[in-house]
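Asker: So TrEMBL has the following annotated:
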type     : residues                                       : note
BINDING  : B:12, B:13, B:14, B:15, B:16, B:17, B:18, B:19 : NADP(+) binding site
BINDING  : B:107                                          : NADPH binding site
BINDING  : B:192                                          : L-homoserine binding site
ACT_SITE : B:207                                          : active site, proton donor
DOMAIN   : B:353-426                                      : domain 'ACT'
């Protein structure tokens with residue numbers, strides 16, 4: 001039954017993920033062959049530093065010429081784990097042109113150029129798989145694209161960045177401030193020396209674009225994703241959250257509007273109730289909540305990063321692509337037929353927690369409440385605490401559009417009695 | 001681009017799940033067509049009571065002759081949602097013989113005859129998909145079979161029966177006894193009039209057999225699954241669990257032995273730590289924890305039953321099978337190449353919580369400890385509480401084989417000073 005010609009896999013990049021893919025391909029060769037129906041062999045490894053010793057990898061396979069590797073013409077699968085836009089993009093399209101299917105873990109590239117890459121794959125009748133690009137080992141792309149193919153997804157709500165979840169979890173459990181928690185994350189290797197991509201939400205925004213595109217069968221580009229980092233979350237915000245029975249998470253939220261006629265994608269810190277399953281996602285773990293018409297609420301939880309978990313996702317894709325090669329078929333490609341408009345942040349509707357510093361004198365609450373009412377933002381609860389002529393006022397609203405809330409806050413700032421807006425945080429997951 | 005001949009789908013059974021499948025096929029016809037690449041049409045519905053009014057289903061499609069329906073020869077997909085062994089089994093094999101692929105939600109049949117059904121599908125080069133057979137809408141079969149195809153699964157630990165989870169959750173949160181909680185589950189429609197299949201673990205055992213087979217690439221039959229129901233779990237057991245920082249869940253556990261040379265599958269109530277993600281799975285929800293070499297710990301959570309969630313899983317499979325039909329391929333079939341031996345319960349290794357009623361006099365603890373030592377069962381903690389000449393002794397062991405524990409308990413029962421063994425419960429998830 002088993003075909004003897006091996007399927008040839010080339011690796012572009014041999015860092016933390018690539019070396020683990022190579023290791024598993026070697027140590028689990030028999031299992032992979034049995035599961036695919038043919039042996040797979042490592043046919044080449046493109047690296048930048050060829051002199052580095054790579055345990056378990058035949059040095060004759062190593063090359064610095066990635067372009068020549070993908071042009072060989074005898075490759076079945078090219079695995080791109082370089083990251084970044086170029087040369088990854090050109091290498092992937094060159095691989096398609098020369099007959100290979102592609103497995104990628106490159107969230108930035110897919111979020112920016114997913115449509116063009118899918119088009120290139122389709123033109124050459126090849127597969128483009130990228131389970132590893134979102135939330136490491138957690139199966140998300142395949143469940144959204146295949147398991148839920150007969151359902152209507154309304155919302156994807158997830159913790160998709162382990163670094164920021166580690167920091168926020170630390171702030172929540174110890175009362176530490178942002179900088180202190182970041183320092184610990186850096187010391188433990190959970191945050192990079194330059195943590196910008198994580199803490200400013202760029203990484204999560206790329207994943208949100210990919211998830212929204214698949215969930216809503218609509219092209220969602222990175223530029224379409226509203227992005228707000230978590231560097232301004234304070235210990236005081238956590239104290240406010242606790243008073244509401246909430247914690248704070250950096251969430252990626254992809255939503256279908258209530259009228260179903262548009263979608264949106266956004267990344268920002270938000271309060272979520274402690275009773276929500278995402279609230280108990282600790283440390284560097286990731287979890288994604290998916291709400292659909294028929295299946296209700298599903299959650300997928302696991303390690304969102306790391307060499308071995310990401311390699312597991314890459315290998316699952318390698319097996320799928322190899323099976324497709326053997327049967328002469330391709331898996332599902334891009335599905336963007338719904339082509340729904342992507343709303344800007346102003347149209348997004350949610351709840352808000354607003355802390356104001358106000359003068360502690362009669363009539364202030366009435367003034368503030370009038371501003372909310374004038375902007376059509378309905379107040380759910382309000383709590384005032386006064387001391388020495390100053391007071392803090394905490395307002396939690398019902399659902400309102402971001403544009404209405406922004407207008408409200410601008411008007412509040414112009415009130416003499418409002419000394420300052422201490423914080424504004426969205427409330428999600430209810 | 002779109003092929004115009006519709007793909008033909010026949011439904012066997014039109015109860016809670018079947019009617020929801022038919023409804024979604026009608027209301028979401030355009031979405032399904034776009035996702036598949038061709039329209040799908042409902043070509044026939046086999047029922048037992050043709051006179052029943054079925055909203056939204058053309059009466060001319062309804063037949064009582066399921067056999068004639070599956071023999072039509074023009075069907076692309078037969079959806080079996082009848083349940084039970086016969087006539088489902090014969091109808092499925094007949095469907096393969098007459099050119100259709102099959103989507104089934106029938107856990108009992110797949111657990112008992114999965115190998116033969118897969119062989120029949122393979123012989124006719126057709127698909128057999130059954131995501132809906134385990135844990136309703138939660139994607140599990142596809143992630144295990146495809147996403148983790150490049151990984152090595154070591155353990156699957158899950159709450160796969162909503163009825164029993166509802167009952168145990170109620171006992172935990174209210175202190176109710178088993179019967180009281182069962183009565184409430186029945187009144188609310190979470191338990192059937194005859195709850196045997198759920199509370200005695202038969203339903204969970206069928207799911208365990210299916211999951212173990214896929215996870216370990218080994219045939220695991222229903223008879224291979226050790227099964228213990230949860231009817232004897234008491235309020236006192238929950239009190240004991242709480243003292244240990246645990247709760248009690250009915251778990252389906254599929255494990256690779258530590259030496260990797262065998263596997264096992266079992267269903268029984270067990271204590272798990274409150275810190276374990278499965279401990280917070282409430283009400284009738286299901287959740288499955290998967291531990292693998294590379295991906296670490298993954299969890300899949302969602303509604304494990306109900307018409308709409310199960311229909312979502314069925315429709316995901318219909319879309320996949322239809323895509324395969326269009327590309328002239330089939331998805332992954334049975335993978336049983338590993339063919340590992342399936343151990344009996346005696347070889348299973350875990351921890352135990354044992355409550356003994358003993359005479360409150362000097363030397364009893366020494367006697368009891370000696371019995372454990374003689375059987376090679378190492379004690380982790382022991383707690384003694386005495387009153388009026390009687391005492392209770394709670395022993396928590398380190399990991400030991402079920403056979404050693406059974407031998408220990410037999411020997412304890414023969415001690416004069418041991419008045420009775422109040423309860424024995426396994427401790428999992430650590």
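Cβ atoms here come from the backbone N, Cα and C positions, even for glycine.
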Asker: Reduce the DSSP letter at residue B:12 (NADP(+) binding site) to three states and note it down.
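Answerer: In three-state terms, residue B:12 (NADP(+) binding site) counts as strand.
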Asker: Going by a 10 angstroms cut-off between Cβ atoms, which of the recorded positions B:107, B:207 has the sparsest surroundings?
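Answerer: With the recorded positions B:107, B:207, fewest surrounding Cβ atoms within 10 Å: B:107.
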Asker: Restricting to the same chain and to sequence separations of six or more, state which residues have a Cβ under 8 Å from that of the residue listed as 'L-homoserine binding site'.
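Answerer: Spatial neighbours, sequence-distant, of the residue listed as 'L-homoserine binding site': B:163, B:186, B:198.
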Asker: Write down the Cα-Cα distance for residue B:107 (NADPH binding site) and residue B:12 (NADP(+) binding site), rounded and given in Å.
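Answerer: So the alpha carbons of residue B:12 (NADP(+) binding site) and residue B:107 (NADPH binding site) sit roughly 15 Å from each other.
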Asker: Per DSSP, how many helix, strand and coil residues does the domain 'ACT' (B:353-426) have?
Answerer: 23 helix, 35 strand, 16 coil
Asker: For residue B:207 (active site, proton donor), identify the closest of the binding-site residues B:13, B:18, B:19, B:107, judging by Cα separation.
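Answerer: It is B:107, whose Cα lies nearest.
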Asker: Measuring Cα to Cα, how many angstrom lie between residue B:17 (NADP(+) binding site) and residue B:107 (NADPH binding site)?
Answerer: 14
Asker: From the centroid of the CB atoms of B:12, B:13, B:14, B:15, B:16, B:17, B:18, B:19, the recorded NADP(+) site, which same-chain residues not already listed sit within 8 A by their CB, in sequence order?
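Answerer: Everything else in range on the chain: B:11, B:20, B:21, B:22, B:81, B:82.
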Asker: Starting from the Cβ of residue B:17 (NADP(+) binding site), draw a 10 Å sphere and report how many other Cβ atoms land inside it.
Answerer: 26
Asker: Measure from the Cβ of residue B:14 (NADP(+) binding site) and count the other Cβ atoms within 10 Å, all protein chains considered.
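Answerer: Neighbour count, Cβ to Cβ under the 10 Å cut-off: 24.
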Asker: Within a 10 Å radius around the Cβ, which one of these binding-site residues has the most neighbouring Cβ atoms: B:12, B:16?
Answerer: B:12
